[in-house]
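For reference, the structure is listed below as structure tokens.
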């Protein structure tokens, strides 16, 4: 078994929080052939939990440094003493790279690939096929989805893991073993808040932080109308603040800075006072639990005249300090060259983070929202971060290694059975790996169960019969074929929602769009602006079956189209809506406006329950209507970027279930919960 460990080829995707622990464990366990893919470089904030990195490594690629350090951690080989005595004391250590031929072992090679695993030109199915197994240490849905599909196509076992604070999960995915893949359970996407809530009726700190990020975009983005706070200066209703915003954006540096300071003051006054008073005069807040109050002019004046901005990252700034911080950020932005000024908010940009913290606290004060946020806590919300716990990463990495041992043991047994004649003792053909019999879904929980357990294991689940990735299920799609263009379908649904990389689309056997190696996109470019109903081959109509093929992922599925003209009530967003997941279309006269059961397990803002081991999927259906205007809001996310937690065997000692299955319908309490994405 140890020889199998030393000679196996392992692919590790990710070299962050879990990845560092994983590479350490791989090296100390004796794995000699490991390749690592990671896109990131080392930041100073990584040093407190990613143990392979030191301060001198800041700015270097994570995978490169991690491979160098892990290589030196592989234990040296030990050979018996010359007298044949096998006592441990008599064993002689040897150089790792010496005597490999006599021991039939490969030399140590930890190879780094600094790149994106979603790069189809390099990381494809043939690349994955060279490995005995793949271990994931990722922190985003897109990359997880990509690796999941590559491993399914290559039929290579994948060990998936994810952590959220003190919670973690580890599972195994393998197509031939008949177990669920990553996409069998719908992964939650961004938590979306209505625009009207962000703009007019905020009630939580996260609302004001989202508003502040949009204000950042309004003031600094080259396309001012990209911000949801933008108001057309020539619109029917005059804006209270756009004139001041335009003046600030166009202001030039003056000698004494008085003109610029006045422009800053005007923007803050119009946003925090004039606009609020306008809404009060319109009676917008008559039924509100809390009525907003205009920012006191004295606070604005004191903050603008102060010289020294606040510097603490953990203390909550006063309102005057928040005004000073905002004014300071705007002055810094004015003197920063355009090419160096970030148009989009970035939590790791110091000026952008100070701007959002100060602006959100001013707005929270206006609307009576508590508590106000320190820069540190605001960064946790604005940057979608739950503080990573190094111990949880270490535990989950260790669990991945144990799963790897189980997989390699099954591979070794299968190799031995095949080498002995390809039959079992009873004469049957040698079975496959059957990892469902040796591997488990393991939960790492914060509160022990009644049995005193902090780790709970359940059998690997069966595939979701509605999963279009591993079960090739038909995908029902409902939209208005007379409004949607092919370009919108490709961008929003096929690539955005379903995760295809290089899709080729076919209608009745003829191509209407083609991507990938050897594809001539220019030939079909004329189809992009066409309405779906006006495409060649009769167009996409009600009842059309659209075939999608992606050679980069060895994925081929069919999409059945249901046409829908009207969207009633809550189903009527401003932008063109669509529904992924509904029954295949009936005859036109029989079509119901109400989506039905039978939804496909694909990404949505509401998760489906993961499939139970008994394959009871009656409650696994979800229908989602997407408002793309709202989806553009950059808000906080939850652990949906990690794997959905599964039901544990026992309740914890406090009578609570430590991990729960994702729910099809959110409860009322869920609407008030701030859900935040993790960072590895």
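Each Cβ is built from the backbone N, Cα and C atoms, and glycine gets one as well.
What TrEMBL says about a protein is an automatic prediction, not a curated fact.
Looking at 48-76, 77-105, 106-134, the stretch flagged in TrEMBL as region 'Disordered' turns out to be 77-105. Among the ranges 552-585, 586-619, the stretch that TrEMBL annotates as region 'Disordered' is 586-619. Sequence-distant neighbours of residue 181 (Zn(2+) binding site) (same chain, 6+ apart, CB under 8 A from its CB) are 148, 152, 173, 175, 463, 467, 469, 470.
Helix, strand and coil residue tallies for the domain 'Ubiquitin-activating enzyme SCCH' (319-373), in that order: 37 helix, 0 strand, 18 coil [DSSP]. Ranking the binding-site residues 184, 467, 470 by the number of CB atoms within 10 A of their own CB puts 184 at the top.
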